[in-house]
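Notes follow the structure.
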Amino acid sequence: MEYQSLDACVETWEELGKEFKALEAFNKEYLEKMEQLCEMQSRCSKEIGHHHYQMGRIKKSIKNFNIREPEEKEKIKRMQHEFEIREQNLNEIAQTLPKPNGMYLKIILGNVNVSILNKNDKFKYKDEYEKFKLVLSVIGFLLSVINLCTNVRALELSFLFLLVWYYCTLTIRESILKVNGSKIKGWWRLHHFISTVASAVLLVWPQSPSWYIFRPQFMVFNVYISIVQYLQFRYQQGVLYRLKALGERHNMDITIEGFHSWMWRGLGFLLPFLFLGYLFQLYNAWVLFQLTYEVDSPWQVSVLAMLFFILFMGNMITTSSVIPQKIKENRKRKEENKAEHKNNRGENHKTN
């Protein structure tokens with residue numbers, strides 16, 4: 001709404017001048033607080049490094065001791081348990097501090113700070129990452145079905161370009177997640193780098209008899225992968241929301257034990273679909289390997305055969321290694337819960 005007179009404009013401008021002085025003072029205070037924050041972050045980082053150094057010295061010294069007395073053995077056992085708890089606490093503190101970018105992010109983004117210090121913002125970013133994968137999986141599913149039903153080169157190229165962009169974006173997003181403490185295994189990050197290369201090779205594969213032989217199989221493979229990624233999304237969403245609930249367990253009646261048992265059941269449901277997808281990758285590698293013997297087979301065929309086989313091997317080994325690890329963790333957790341339950345019963349009995 002416009003002012004009706006010049007005097008009103010002058011009066012408002014003078015009032016704004018006073019407000020601006022207050023804003024300058026507030027901004028000065030803000031900058032001082034920012035400097036203090038940077039100093040405190042630096043101090044916390046140094047203290048974490050000091051703790052790790054001293055704990056390393058203690059652990060190394062304990063290994064050199066010749067311990068025979070039961071009391072001393074009990075002390076060491078207790079200290080080792082406390083070491084594990086302290087490591088977890090130090091990691092939690094480290095998550096609240098900014099971290100330097102890895103080499104890949106430095107190449108892509110430079111020295112831009114991508115650390116997310118707020119827990120809720122971290123959760124939102126991870127949640128957005130999963131939703132991004134879901135949306136692109138749905139688009140990929142639709143394009144794969146359309147390409148199965150039609151034979152339009154423009155649609156093929158659009159889909160393949162989408163795959164290149166999708167996997168490139170995933171590598172960047174996962175690197176940001178890694179900086180912010182996400183425990184993504186190294187293989188899964190490498191998997192997406194290899195998938196980016198494979199998608200680029202598919203994009204430059206010229207129209208040839210070998211391409212038209214492999215094309216329907218590749219589109220069916222992408223339809224199946226899209227379905228598996230939807231199932232993974234459902235699993236990851238469950239894990240994420242339960243993690244958030246555990247972070248606020250004073251408000252929510254969800255236990256650690258219940259969370260982990262749900263995780264195991266969800267993973268057990270997902271594993272057959274994952275392994276079937278890995279076998280599909282092996283089948284792709286085999287078909288492509290057979291196509292290398294075709295006359296005038298382009299170089300893309302042999303390269304893709306190798307890449308699909310690498311993806312199959314990496315996925316099988318990594319996922320298979322998770323199963324015994326999860327079984328061991330589940331067994332250990334049950335034993336700890338039983339021991340804790342027994343101790344609680346003993347304390348209650350003494351109280352009564």
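Cβ coordinates are placed from backbone N, Cα and C, and glycine is handled just like the others.
What TrEMBL records for this protein:
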type	residues	note
TRANSMEM	134-153	transmembrane segment
TRANSMEM	159-176	transmembrane segment
TRANSMEM	188-206	transmembrane segment
TRANSMEM	212-233	transmembrane segment
TRANSMEM	262-283	transmembrane segment
TRANSMEM	303-323	transmembrane segment
REGION	328-352	region 'Disordered'
Per the 3+ Cβ pairs under 8 Å rule, pairs at least 6 apart in sequence, do the transmembrane segment (303-323) and the transmembrane segment (188-206) touch?
yes
Do any residues of this chain, six or more beyond the ends of the transmembrane segment (159-176), have a C-beta under 8 angstroms from a C-beta of it, and if so which?
101-102, 104-105, 108-109, 114, 125, 129, 132-133, 136, 139-140, 143-144, 147, 182, 184, 188-189, 192-193, 195-196, 199-200, 202-203, 222
Intrachain residues whose Cβ lies under 8 Å of the transmembrane segment (212-233), provided they are six or more past its termini:
130-131, 133-134, 137-138, 140-141, 144-145, 147-148, 156, 159, 202, 269-270, 273-274, 276-277, 280-281, 283-284, 287-288, 291, 301
